[in-house]
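Input: a single structure, listed below in structure tokens.
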Amino acid sequence: MILVESKMVTDHCANEFPQTLENITGKAAKKLQDLLKWYATQFKDPMMLDPPAWFKSYIFCEALLQLPFFPVAAYAFYKGNCQWIRTPAIVYSTHVATTLVSILAHILFNDFSTSVYPGPSTMSQRLSLVALYAPYLLIPVMLLLAMLFSVKYNPVEEKKKKK
């Protein structure tokens, strides 16, 4: 009897779980899409709803290169004294800073009047959008400077201090 009930519960879960999961993920995806639309409308960021091809390539690089870097860097900085993080951090920070230069130039100088979605039309709106993207430039630049000039992560500087 217990085996029959167990089998019934298992069958019920096997049938219901995927549908329930689909409902949950469908609702979550809808909420995320709504949040993205709200952001793009509120801050006049058409790149989020209709990204140019070059912006899509940055998103691809972010998923392929940057996202795997985050847990590795978190481990290295949490553990401390991990000089091996220097080279990956320099690669990461220069890559992100370089991509942000073109994104910020696009925000400041592109003519958004023909965009499918409304973009910034005044300098004030452009600067507000730049302010949202600026931390993605400033934090990698600070990381780059730390990796280049910190005695803790720069073995050349460490050798100079020992002499």
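Using N, Cα and C of the backbone, Cβ positions are placed for all residues, glycine too.
As recorded in TrEMBL, the features of this protein are as follows:
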DOMAIN    1-144  domain 'EXPERA'
TRANSMEM  57-78  transmembrane segment
TRANSMEM  90-109  transmembrane segment
TRANSMEM  129-153  transmembrane segment
May I ask for the residues of the chain that lie six or more residues beyond the transmembrane segment (129-153) and have a Cβ under 8 Å from a Cβ within it? 43-45, 81, 83, 85-86, 89-90, 92-94, 96-97, 100-101, 103-104, 107-108, 120, 161
The domain 'EXPERA' (1-144): mean pLDDT? 87
